[in-house]
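S.K.: Below you will find the structure I want to go over with you.
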Amino acid sequence: ELLAAADAPTLVCTALALACHAVVVVLELWIALGGAAAVEELIRRVWVFQLINYTVCGCWLVCRLLSTRLQLSRSRPQLKGDLSQLADSAPATSSQYAQEAAVTQIVKAAFVVIATLLCLHFVGVDVQKWLALTSLSGVVFSFLLGDILANLFGGFVLYLTQPFAQGDWVQSSDGTLDGWIQSLGWYYTSVRRWDKRPQYIPNSSFAFMPIVNCSRMTHRRIKFNMKLRMRDLSRLEEILADMRSLVENHNDIDKNMHQICRWRSIGEYAAGVWVSCYTTQIPLAQYLRIQESILLGMLGILQRYGTTVASSLERFIPVGEPETTSEFRRVIQARAVLLNRERDLEDENARLQAEREALKSGWADAEAGRRELENMEANNQQLEELVTTRRESYEKRQRVLETKDRARKYRRWAKHNLEQSVQRLKAKSYSLTEAETLYQEATRMRASGIQMALEAVQMDSAAVESEREALVREKALLAREDVSLDESMVLTGS
């Protein structure tokens, strides 16, 4: 893996070096053939680029070798699968990896700085002036880039102090941080939470955040409080002796740490036994197995003495008295309250059901009223159409009468003109030409009167047809069963 890490820098450096040598050979041949003298400056620049190539590729090679060496020396599980397994490694492994990571990062940073200074020197930059300018501009950068510099300095401090390493399980006192360190960078630290979501924390935040490194624990503590019945106080000493023997003789309990199993408190209905000890196994699965074995052993001891753990439903009762306690009475009272509440809920449900049925009936009545209103609206619309038809027929009859009156007037005028023409012809007061003209005018007026009479007849036929249609519609409307008496009277009046 070290050789594989060195492949890329070596290949790039070799390719660039061969390219530079080829360019130099071509330029020297050009000079030998009488080329321009300015080519020598170009050759010098090519050699400068060659030095920069060696410097950069060398720095790259060293950084890759250091990173690969750090990964090879790491004997901790990867960030895959069950993250809880990361907390099962020994704390010495975490400290060792933190030291190796800190040294690797500092050495890589030093090589990068040295390579940068060498490259600046090769291109002709005065390194001392550049460093002086950097120191003077540092004050300005501290104001402009305060947060960035604070995070960079925080990352440097984390590498020096080594409070945690990659893969450590860490927690914060306020609960905002709880997960495994996935990567420790110069600007921020990546944490993988229990829900597998990544959390990115700026390095400057760790200066004010109390951190608990759970991966560096040396022991896991078993601590619980077991409550025994008050009626078993006479055998409590024997029970405690067997429990202490179980804890002290357990193979997975650290004998160098305290092993406590004592009667610690007495309550209203139970005697509290406090158990506290430390396991030699750090992995979570093994810790739970040890704690389970201790709990099962203590329950076995209680069963051997014919007792069990205390319950809040039991009290210390002298011999001969019934075991109906105040707790039972409270339970019965609570049950009675619940039953009353259940009956009230049933009554409320019945009332709501009756209201629902009433609402359904009201909705049905409203729907029937709506349909009735729709029918009445349809009848009113038909009545309006019938009245409109009658009005149109009446107007047509009026126009017919007016046309007939005009026709009669034209016919009277024509008759009057004919009579005058005949009388004047008899009296010989007009010539034959004037009499013929007057006769023709009378004929035209008579023809106009006849034409208007024909139009009046046609209009009268249309009015009669309209009245017939209105009568048919009126009969159809009156034949319907849902037409009231008032509507029939209205139709008769129309």
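Every residue, even glycine, has its Cβ placed from backbone N, Cα and C.
TrEMBL feature annotations, pasted as is:
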COILED    335-393  coiled coil
DOMAIN    147-216  domain 'Mechanosensitive ion channel MscS'
TRANSMEM  12-33  transmembrane segment
TRANSMEM  45-66  transmembrane segment
TRANSMEM  106-124  transmembrane segment
TRANSMEM  130-160  transmembrane segment
S.K.: Other than its close neighbours in sequence, what residues sit by the transmembrane segment (12-33), given a CB gap under 8 Å and a spacing of at least six beyond its ends?
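M.R.: 39-40, 42-43, 46-47, 49-50, 53-54, 57-58, 60-61.
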S.K.: Mind checking which residues reach the transmembrane segment (45-66)? Cβ under 8 Å, same chain, six or more beyond either end.
M.R.: 2, 5-6, 8-10, 12-13, 16-17, 20, 23-24, 27, 104, 107-108, 111-112, 114-115, 118-119, 122-123
S.K.: Counting by DSSP secondary structure, give me helix, strand and coil numbers for the domain 'Mechanosensitive ion channel MscS' (147-216).
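M.R.: The domain 'Mechanosensitive ion channel MscS' (147-216) comes out at 23 helix, 25 strand, 22 coil.
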S.K.: For the coiled coil (335-393), provide the mean pLDDT of the predicted model.
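M.R.: Reported value for the coiled coil (335-393) is a mean pLDDT of 87.
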